[in-house]
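Residues or ranges marked as compositional bias 'Polar residues' in Swiss-Prot: 1-11. The compositional bias 'Basic and acidic residues' annotation in Swiss-Prot covers 20-29. For 48-83, the entry in Swiss-Prot reads domain 'EF-hand 1', with the evidence type sequence analysis. The domain 'EF-hand 2' annotation in Swiss-Prot covers 130-165. Summarising the annotation, Swiss-Prot assigns domain 'EF-hand 3' to 167-202 and lists sequence analysis as the type of evidence. Taken from Swiss-Prot, the feature Ca(2+) 3 binding site covers D180, N182, S184, E191, and the record attributes it to sequence analysis. Look at Swiss-Prot and you will find 214-225 tagged as compositional bias 'Low complexity'.
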Amino acid sequence: MGCSGSKNASNPKDGAASKGGKDGKTTADRKVAWERIRCAIPRDKDAESKSRRIELFKQFDTNGTGKLGFREVLDGCYSILKLDEFTTHLPDIVQRAFDKAKDLGNKVKGVGEEDLVEFLEFRLMLCYIYDIFELTVIFDTMDKDGSLLLELHEFKEALPKLKEWGVDITDATTVFNEIDTNGSGVVTFDEFSCWAVTKKLQVSGDPDDEENGANEGDGANAGDGVPAAEGSA
């Protein structure tokens, strides 16, 4: 489920989503899983969500270092959040989220060598995963015929929904052609999701903005990013 490559345009629009789905999960599978997962990911900025994030970070941090490697994050997404109920492409999604959070954290802290995620970046990583999952649900509603591919008319019909999500489009045809990177005349989920996440970040800023980053830092020990006790957050 990477950011490049389209499904071969010769693949017929045959309603495959109702049978096996874009990644082995059906639309019904994802809908059921999403209702649980959207509540399980503590991405909001309120005190309760932050407290849940602290506990979740500790559960992910099996080595007790205050820093998460990719394997710890992936294992936690499987065993604790059980995100594989939604998709069979979880490693790819988590890798993207991990890299995004890590890179932003290194930029904020003025370092660029660590291949780790600390508590400061943890919320951003969760937000990115949430966004990809939410985009999958949106794509399911846009893909009216269940072909796993979007045509221009389906994209145009979904403009109000995309605006609600945070992406306002004025020239649908031009944007559709930009998303369709291989010129096949249809858009795959990979093309759509990579475009939508990037566009949302350009318009609204990273899901974990600078103000929130500072607040999250209050919940971590300076220097090592280990979550402090809940009362000190």
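Keep in mind that glycine also has a Cβ here, set from the backbone N, Cα and C atoms.
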Tally of DSSP helical, extended and coil residues in the domain 'EF-hand 1' (48-83): 24 helix, 1 strand, 11 coil
C-beta crowding around E191 (Ca(2+) 3 binding site), within 10 angstroms: 23
